[in-house]
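Undergrad: Quick one: the structure is below, questions incoming.
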Amino acid sequence: MPWSSRGALLRDLVLGVLGTAAFLLDLGTDLWAAVQYALGGRYLWAALVLALLGLASVALQLFSWLWLRADPAGLHGSQPPRRCLALLHLLQLGYLYRCVQELRQGLLVWQQEEPSEFDLAYADFLALDISMLRLFETFLETAPQLTLVLAIMLQSGRAEYYQWVGICTSFLGISWALLDYHRALRTCLPSKPLLGLGSSVIYFLWNLLLLWPRVLAVALFSALFPSYVALHFLGLWLVLLLWVWLQGTDFMPDPSSEWLYRVTVATILYFSWFNVAEGRTRGRAIIHFAFLLSDSILLVATWVTHSSWLPSGIPLQLWLPVGCGCFFLGLALRLVYYHWLHPSCCWKPDPDQVDGARSLLSPEGYQLPQNRRMTHLAQKFFPKAKDEAASPVKG
């Protein structure tokens, strides 16, 4: 195997280790914060942290279990019996099991001098599922936790060291999850264009810079009006859920479980853009962007008209220039990325494809695993080229 290929396998393995470590670090930070709140007598804050953790974990395990059940029989080879897997997910360990499975397969492939096509394809299959689950966990748990911690800090006027650790890990974790998801989608393209260093930095930064004003707007509103933030979230979330439903998503294996996906996507859309349907992607992205921007402006107007000071005595005017600066810089980087660095490709129909595996056989005569869930999303995320061949690799 060429050194470049072995280097790519090692890079994927290292990124897998870092992703798993980041998940455990984020989990530990949240539990640490909950314990500190409880020890300080702030039981409501501790309960909110644990509730967000619990709800996100249950959703994550449901996704993982439903996907395992939908995968073709024999795809995962030697794995624990279904009852053991069900117990792992019931104990909220299904995601970690998948992480261990991915790392083990990645290490196996890297150690082989000439890994088989099946082993390489199976490693990609596992990594794609992990990337999607990580994205779900990020917006179901990390983004709400970040908003909660910021609201607590702004309301109390003081920041503990564990809160600063949580804020830093949350912002980096969210941006990294979006970058990893985008990188994973690129592996589903026919030409498999890699996300270069420059493209990665720009994609990471514009997500971070656009996320900060949104989280700050909601956190400041929560600090000023803690009794109304749940109503605000529910109202917007229902509108976004209706929008997702109208787009006719078909990501999950059956119609009943599709609602779990729609509920999750609506939560993601509350914080950031997420494409779920083919067609006028740019138009839908602009509509969503204008919707979130209008909502954030309304939140800012609410601060200004009701109070110019936070309960902690911090003037709100200090935060507005920071949020505006991040917003315009993030918007500029986003335009740069989508104008010059976003790839397009030609998707050729594959009517003979069965769920979870390519219909074409490898030279050895067995089917190569293909993660159709992520391939389906990639077909929606990336524009189609006008010519018959994939466009030149960008970034």
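Placement of Cβ uses the backbone N, Cα and C atoms for every residue, glycine included.
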Undergrad: Would Swiss-Prot put ALA86 and SER5 on one side of the membrane?
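TA: Yes - Swiss-Prot names the same topological domain for SER5 as for ALA86.
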Undergrad: DSSP three-state call for THR375 (phosphothreonine): helix, strand or coil?
TA: helix
Undergrad: Near the transmembrane segment (48-68), which residues from the same chain, at least 6 beyond its ends, have a CB less than 8 A from one of its CBs?
TA: 27, 30-31, 33-34, 37, 76, 85-86, 89-90, 92, 94-95, 98, 129, 132-133, 136-137, 140-141, 144-145, 148, 252-253, 257, 260-261, 264, 373
Undergrad: Hey, which bits of the same chain come close to the transmembrane segment (224-244), Cβ under 8 Å, at least six residues off its ends?
TA: 151, 155, 218, 262-263, 265-267, 269-270, 276, 295, 299, 302-303, 306-307, 310-311
Undergrad: Report the listed stretch (159-179, 285-305, 313-333) having the maximum count of Cβ pairs within less than 8 Å of the transmembrane segment (260-277).
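TA: Answer, by Cβ pair count: 285-305.
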Undergrad: Below 8 angstroms Cβ to Cβ, which residues of this chain, lying six or more residues outside the topological domain 'Extracellular' (34-47), approach it?
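TA: Residues 53, 148, 152, 160, 162.
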Undergrad: State the non-local partners of the topological domain 'Extracellular' (245-259) in its own chain: residues 6+ outside its ends, Cβ under 8 Å from one of its Cβ atoms.
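TA: Residues 62, 66-67, 69-70, 265, 276-277, 355, 373, 376-377.
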